[in-house]
Structure formats: C-alpha cells, structure tokens
Amino acid sequence: MKDYLVKALAFNGEVRAYSVRTTNTVSEAQKRHDTWRTASAALGRSLTAGTMMGAMLKGEQKLTIKVEGNGPIGPILVDAHANGDVRGYVTNPHVDFEGTEQGKLRVYQAVGTEGFVTVIKDIGMREPFIGQSPIVSGELGEDFTYYFAVSEQTPSSVGVGVLVNGDDSVLAAGGFILQIMPGAQEETISFIEERLQQIPPVSQLIEQGLSPEELLYEVLGEDKVKVLETMDVQFNCTCSRERIESVLISLGKAELEQIRAEEEETEVHCHFCNERHKFAKEDITSLIEKL
C-alpha cells in the first residue's frame with residue numbers, strides 16, 4: 001500500500017482532521033540513515049507529524065521542525081512541504097533501548113524529557129513564523145499536541161506511531177491530528193476525549209491494515225467524517241548535484257581555488273538524505289571557469 005494523507009472535517013465542521021500512512025516514508029528514512037529501533041521510532045514519529053503539519057500549508061510553503069531534547073539521540077530535524085514531500089534525520093541514529101512500555105518503544109529515553117520543539121514556517125513572507133514550546137514527555141505525540149496549544153493556540157490531539165521489527169526495519173507508521181475548531185460543542189470534545197482513551201496505539205491500527213480514512217473512522221466514527229482531499233506523501237530530498245554546485249560557486253573563486261589546491265576530491269554530505277556528492281579537481285576547475 002502506498003503512503004498517502006487525508007484531509008477531513010468531522011462533526012459538521014467542529015473538528016479538522018488529518019490522517020496519514022507513512023510506512024514507506026519512514027522505512028526509506030530508516031534505510032538511508034541506518035537508524036536503530038528506538039531512533040527509528042523517534043524519527044518516524046517526527047516525520048509523520050511533520051508530514052501532516054506540512055499538509056496544513058499551501059503552494060510552495062514549507063516548514064522545518066527541530067526537536068532538541070536532552071536524550072542521547074540528539075536533535076531531530078524534519079523538513080516538510082505542502083506538496084507531501086518530507087525529509088529528516090536524527091543526529092545520533094544508533095540509539096536503542098531494550099524492552100517496551102505498554103507495547104511501545106521507549107522513545108522518551110532517546111529524545112529526553114527536557115528541551116524544546118521548534119517549528120519554523122516559510123510561508124512566503126519576509127520573515128518566517130517561528131513557534132516554540134517545551135518538551136513535555138519526550139514521546140513526541142504529546143509534545144506536538146502541546147506545541148499546537150502553546151504556539152498556535154489550537155486545541156489539538158496528535159497521535160503518531162511507528163512499529164519496528166527486530167532487524168530494525170519499519171513494519172508500520174502513521175498518525176493523525178485532530179483540531180478543535182472555535183465554537184465546537186462540549187459534547188463533541190468529550191466524545192473525542194473518550195475515544196482517544198479507548199483506541200489501540202496508532203501503529204497497531206496501521207499494522208492491522210487500516211487506511212488513513214479508516215483510522216479517522218476508528219477515532220471519530222465513520223458517519224461523522226467528511227473526507228475533503230487525499231494526497232500522496234513521500235520521503236524526498238531537495239538536494240541535488242546541481243544545487244550543490246550552486247552552493248560551491250557561491251563560495252567564490254578564491255575559496256574554490258584553495259579547495260582545488262588542498263583536496264584531491266571534495267565531498268559534500270547531505271544530512272537529510274545521507275547522500276554524498278563527490279567533486280574531483282576537474283569538477284572544481286569547471287566551476288571556477290563559470291565565475
């Protein structure tokens with residue numbers, strides 16, 4: 001099954017909802033970065049949340065999420081675009097903790113329970129929107145829920161999950177974001193709160209084969225949900241040899257000549273996708289000739 005995202009309304013517009021399957025997306029990230037189990041869960045949850053938050057944007061808009069906790073995994077960075085493209089990495093991919101709690105990996109031990117979630121939105125204005133909130137649990141779903149409440153004043157529930165096999169491969173990943181609209185009735189809010197207490201973990205529902213639509217039906221009730229739009233999502237990095245050439249050219253002639261004199265081969269590493277772009281002396285020479 002391919003990865004895709006659903007945008008919906010529920011309870012006659014009282015609730016805005018997003019749901020996504022990110023199994024292939026998170027699996028691609030796991031393979032590229034060789035993340036171990038707990039690191040895979042942390043990165044996967046962040047990618048899943050970022051994918052849905054990116055889908056809240058329009059056109060060429062994009063956002064960057066930075067999760068900086070005090071755990072051994074180090075900072076997590078995610079870039080997400082309005083078109084469904086997402087990329088991301090963890091600073092220390094080889095982090096794992098044995099055992100589980102309530103059937104889930106101990107993500108909070110990897111992320112840490114102190115620190116900040118920062119979201120930078122590039123929405124085409126002169127200055128980006130920057131929102132920040134403290135980490136409240138390190139489990140990430142709760143941390144993004146708190147971010148929406150504190151930084152965007154939007155009562156929300158963020159559920160994100162990743163199931164990882166013993167060989168570190170990704171079995172299932174996905175999530176949902178529910179946002180309460182102004183004027184929502186107390187009965188609606190109470191119903192959602194009760195349902196969220198009753199449903200199994202998101203990753204288990206996706207492993208069972210539930211689609212993004214069915215995930216929303218499970219939480220909100222099929223008769224309450226009106227699907228507005230679906231869109232494909234995927235791990236896709238914006239780095240390319242051409243873009244890196246532009247960056248190298250921007251260094252200027254003097255610095256490029258110094259690089260050519262000192263290095264037999266220049267390697268540029270993209271942290272987001274882990275690709276390594278190599279430039280031989282003659283490649284640097286051709287760049288200098290363009291100046």
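Glycine is treated like the rest: Cβ placed from N, Cα and C.
Here's what Swiss-Prot has on this protein:
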DISULFID  Cys237-Cys239  disulfide bond
DISULFID  Cys270-Cys273  disulfide bond
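Here the CA atom of Cys237 (disulfide bond) lies 6 Å from the CA atom of Cys273 (disulfide bond). Using a 10 Å Cβ-Cβ cutoff, Cys239 (disulfide bond) registers 17 neighbours. Taking the C-alpha positions, the distance from Cys237 (disulfide bond) to Cys270 (disulfide bond) comes to 9 Å.
Long-range neighbours of Cys270 (disulfide bond) (same chain, six or more residues apart, CB within less than 8 Å of its CB): Cys237, Cys239, Arg276, His277.
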